[in-house]
Amino acid sequence: MTLLESLFHPKLLFALTLFAVVSVFVEVAAYKLLNAVADVAPSHWLMEHIIIPAARALALVSFILVAYPVLFGVESALPVGELLAAGQLRLSNLVNVVFLLSLLLPLIPVFSRWPAFVLPIQGIAAATMVFRWWAETQPQIDIHFWPGTITVLSLLVFAFITHEIAKQLSHQLEKKVDRVIKHEGSGRLIYRTVVMIMQVPVVLLYTLSLGQQLH
């Protein structure tokens, strides 16, 4: 299954639609909550660094699980419920890894400057865990998680392009959205929402390269 075939597969379209709706809801709620507690430093820190990243982690994990196994370029595989139940605390571990990455990666200067690279790494980490569990149910085969130099370069280019698109959209739409919500500073909301949705092809490019090993 090619990238385009996977992107337009009904199951992936459903997962992407669900992810988009949840992402918009999370970012709008985060924007309003942060404004509501702006004058309460402890609450603002807790909201910004714990609660909101946890909500984003849940949204991303939900997308990965709903999109499985099309995410890996296959039509059918072991049901996701059985896959998670086959090991101890798999769902908890999945959410925890994505959540911890959302906390740790922004501490690295390159990711604080280019936040658009954080989401693909989170998605790739979650998808890699799911793929490893799925691969364990297949006939013995050597699995490699390095997708190749060309794929990695493509991932970086995709992530950079989506970052630039999101940045431009946030600049162009900020004033209009500010008037609608009657509050200034919606640029960050727009940026986060667009980045979360548009980074899906970046993750998919990597997961398809994983799935090709089992074909």
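If you go along the chain as it appears here, the first residue is 1 and each next one adds 1.
Cβ from N, Cα, C; glycine included.
Curation does not apply to TrEMBL; its annotations are automatic.
Positions annotated as transmembrane segment by TrEMBL: 12-34 (among others). Beyond the ends of the transmembrane segment (12-34), by six or more residues, the same chain brings 6, 44, 47-48, 51-52, 55-56, 59-60, 62-63, 66-67, 70-71, 186, 188-189, 192-193, 196-197, 200, 204 to within a C-beta distance below 8 angstroms of the stretch.
What TrEMBL records for 46-71 (among others) is transmembrane segment.
What TrEMBL records for 91-110 (among others) is transmembrane segment. Counting residues 6+ beyond its ends, the transmembrane segment (91-110) has Cβ neighbours under 8 Å at 49, 53-54, 56-58, 60-61, 64, 84, 117-118, 121-122, 125-126, 129-130 in the same chain.
Here the transmembrane segment (117-134) has Cβ contacts under 8 Å with residues 57, 60-61, 63-65, 68-69, 71-72, 77-78, 83-84, 86-87, 90, 93-94, 97-98, 101-102, 105-106, 110-111, 143, 145, 155-156, 158-159, 163, 195-196, 199-200, 202-203, 206-207, 210-211 of the same chain, all six or more residues outside its ends. Residues annotated as transmembrane segment in TrEMBL: 117-134 (among others).
For 146-166 (among others), the entry in TrEMBL reads transmembrane segment.
Annotated transmembrane segment per TrEMBL: 189-208 (among others), in sequence order.
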